[in-house]
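Q: My questions all concern the structure below.
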Amino acid sequence: MVTIWWGVLGLLLGGYFALAGYDYGVGMLLPVLSRDEAGQRRVLGAAGPFFLANEVWLVAAVGVLFGAFPQLEGRVFAGAYVLVVLLLLGLVTFTAAVQLRSRNPEGNRRGWTFAITTGALVTAVSWGLFLGNLVRGLPLDAQGRPVDDVLALFSPYAVLWGLGFVALFCLQGLVFLAVRGPADLAGRVRRLTRSFLLPVGVFLVAATAWGAFSGGSWAALAVAAVAFAAYLTVLFGLQRPRWALPAAMLLSACPALLAGVLRFPVVLSSGAGYQLTVDQAATTPEMAAVLGWFAAPALLVLVVVQWLTWRAHRRPVDEKSLLHF
Amino acid sequence: MDPLPIARLQFATTTSLHFLFVLLTLGLVTMVAIMQTRATLRGGEQPHRMTTFWGRLYVVNYALGIVTGIVLEFQFGMTWTGLSAFAGDVFGAPLAIETLVAFFLESTFLGVWIFGRGRMNKWLHLTVLWLVTLTAYASALFIMVANSFLQNPVGSRMENGVLRLDDFGTLFANPALTASLPHVIGAALLTGGFFVTGVSAYHFLKGTSEIDFFRRSLRIGVVTSLIGSVLVVQAGFAQFAEVAGYQPDKFTDSVAVGLPLGMMINVGFFAFFAALIGTLLLFRDRLLRARPLLVLMVPGIAVPFIAAILGWLVREIGRQPWLVWGKLRTADAVADVSGGQILFSFIAFTLLFVVLAIADGVLLARIAKRGPAVAAAETELPVLSGV
């Protein structure tokens with residue numbers, strides 16, 4: 001039962017990276033993709049119909065983390081305090097800026113565009129640092145309390161992940177735009193996609209090779225294999241964006257899944273020897289059952305509604321598209 | 001540096017801001033849903049334009065509710081680790097259900113509503129907006145269930161030093177919830193009503209040509225204010241008897257609670273009488289000619305927000321030093337994060353929120369001032385906007 005809930009958490013978090021990842025990629029590249037206002041609105045409008053439904057996967061994941069694994073939530077957020085703060089600052093800036101940018105027809109939008117780009121960049125770097133730390137082991141003491149050393153969160157391995165995530169989300173955003181983006185930007189999108197393929201490949205190889213020295217499980221190896229398969233699908237599937245897009249989304253979900261299965265059933269560990277297993281982290285079976293009664297139908301409705309939304313808006317943005325953002 | 005006061009201040013600041021935004025969101029979405037229902041049922045251009053104009057203001061405000069809410073959700077794990085360790089088995093469920101059932105669905109449906117305008121069957125589009133409204137109320141319900149549990153931890157027992165759930169249903173029959181939930185919903189309707197009334201009054205003062213549009217809006221605003229204020233005052237007083245049952249000394253011991261309480265009650269009565277007079281003057285549109293009253297309505301937009309902050313002060317200060325009443329002290333729940341780090345995050349969050357709140361206020365004011373006519377002719381670019 002506990003394992004199922006761990007899977008649900010993985011599904012929500014994986015869903016978040018698979019969906020919101022392209023939002024951040026589009027956000028980071030917004031000024032590069034188009035300089036003029038009409039172009040930038042069409043780029044934002046490509047992600048528009050899905051935007052509000054994407055980031056809430058994270059909110060739901062954190063809700064399940066709190067509800068189903070109350071002993072884990074506090075350890076991991078307090079243990080990576082500064083990174084979580086950076087992440088939230090980025091997320092808030094990005095989310096608010098995307099939603100407010102185009103609301104005033106007369107307003108100057110350069111400030112909002114800057115907020116979108118920086119917000120997305122900070123979000124991407126923070127996620128990389130955060131997950132890199134989880135994979136390496138959080139800097140906690142033997143009792144699982146955070147050590148008062150901010151710099152410990154910025155180990156070279158974590159920094160590699162921080163940079164890797166920027167490339168990863170950018171690539172994902174570009175592959176998304178190859179499907180949904182306006183036709184006149186297709187050439188630029190294709191060129192930019194090619195330039196992000198190498199950094200993402202380097203990140204994958206380096207993170208895997210470097211991480212392998214600290215030990216891993218068969219499940220982690222499987223996730224790594226899936227990541228490489230997804231990467232190759234993107235690499236060779238660029239002419240068929242309908243294949244490349246799901247592959248790029250899967251690729252973005254892989255780091256979070258890796259952090260989840262790496263030492264399972266240990267779900268949190270530190271260099272100082274602290275370990276928390278999934279059973280210790282979980283809530284009581286009664287509570288999990290209550291949660292399940294609400295979560296299962298809600299998730300079903302969501303997946304159906306979001307899939308229908310995708311069906312309705314999967315064509316590239318043209319002059320008849322509603323943009324809103 | 002002691003992390004406790006900074007962590008409390010950080011949570012209080014985020015909660016207060018979040019509460020102000022969601023209050024207006026909840027009130028506005030209800031009124032927009034009623035407007036769209038009229039537009040769908042009877043047709044006609046004016047209800048349709050009203051849905052668009054007030055819906056636009058609602059969507060702007062919604063953004064700030066989301067982002068402050070995300071920060072609030074994370075803070076439980078960042079600074080109040082003792083809470084999830086001690087009461088997570090009980091307190092975690094309503095919070096998790098709120099994010100999954102209510103918030104997740106609300107956001108998804110809102111996206112469908114924005115981008116479905118003019119492209120969906122009109123009945124389906126209306127249904128989607130009512131689903132947004134219902135899930136917004138569900139959010140309020142589950143959050144108040146969680147908060148009420150902290151005020152009065154029912155339905156649980158102590159076991160090996162942590163709280164365990166006895167009966168989930170009991171959480172919904174909590175005396176700390178039964179009167180406070182209608183109180184909060186009344187406050188939301190009052191806030192939305194005062195907002196729509198104030199904006200409409202502004203346009204009459206400016207000699208608008210959209211007389212029919214704002215006459216209809218003003219009516220809805222005034223009537224919603226009256227319904228909201230009756231609910232808020234009635235449920236407010238009903239709480240005294242309930243609170244006496246679970247926190248008997250709350251209002252007798254502390255001056256810090258008494259002062260905001262007295263102010264809130266005065267504001268509540270003021271709002272009720274203002275809404276009552278406004279409703280009476282709706283007869284033969286006398287309100288439109290009562291210029292001094294229109295002048296008061298514009299700054300009156302701020303009144304429910306002030307009352308709401310006072311209300312949260314009463315509810316939350318009166319709870320100290322307990323985080324979970326009688327079971328867990330606030331001081332024992334704070335995380336082992338250094339005071340310096342929490343101070344950094346407090347300053348950073350507060351600065352960011354203040355900037356965003358100002359931007360949100362300026363945007364709302366601009367869109368509200370521009371009115372429906374210019375906004376409908378928004379053709380700066382070959383771009384179609386959803387709302």
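Using the three backbone atoms N, Cα and C, a Cβ is placed for every residue, glycine included.
According to TrEMBL, the record shows the following:
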| type | residues | note |
| --- | --- | --- |
| TRANSMEM | A:6-31 | transmembrane segment |
| TRANSMEM | A:43-66 | transmembrane segment |
| TRANSMEM | A:78-100 | transmembrane segment |
| TRANSMEM | A:112-134 | transmembrane segment |
| TRANSMEM | A:154-179 | transmembrane segment |
| TRANSMEM | A:191-212 | transmembrane segment |
| TRANSMEM | A:218-238 | transmembrane segment |
| TRANSMEM | A:245-268 | transmembrane segment |
| TRANSMEM | A:288-310 | transmembrane segment |
Q: Which stretch, A:78-100, A:112-134, A:191-212, A:218-238, tops the Cβ pairs under 8 Å count with the transmembrane segment (A:245-268)?
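A: By Cβ pairs under 8 Å, A:218-238 leads among A:78-100, A:112-134, A:191-212, A:218-238.
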Q: Count the CB pairs under 8 A between the transmembrane segment (A:288-310) and each of A:43-66, A:78-100, A:154-179, A:191-212, then give me the winner.
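A: Per the Cβ count, the answer is A:43-66.
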Q: Against which stretches of its own chain does the transmembrane segment (A:154-179) lie, if we need a Cβ under 8 Å and a gap of at least six residues from its ends?
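A: Long-range Cβ neighbours of the transmembrane segment (A:154-179): 21-29, 33, 43, 46-47, 120-121, 124-129, 131-133, 135-136, 185-186, 189-190, 192-193, 196-197, 199-200, 203-204, 206-207, 210-211, 234, 238, 241-242, 244-245, 247-249, 251-252, 255, 314, 316.
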Q: Considering only the recorded stretches A:43-66, A:78-100, A:191-212, A:218-238, state which has the highest number of Cβ pairs under 8 Å to the transmembrane segment (A:6-31).
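A: If we count Cβ pairs closer than 8 Å to the transmembrane segment (A:6-31), A:43-66 scores highest.
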Q: Are there three or more C-beta pairs under 8 angstroms joining the transmembrane segment (A:191-212) and the transmembrane segment (A:78-100), sequence spacing 6 or more?
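A: Result for the transmembrane segment (A:78-100) with the transmembrane segment (A:191-212) is no.
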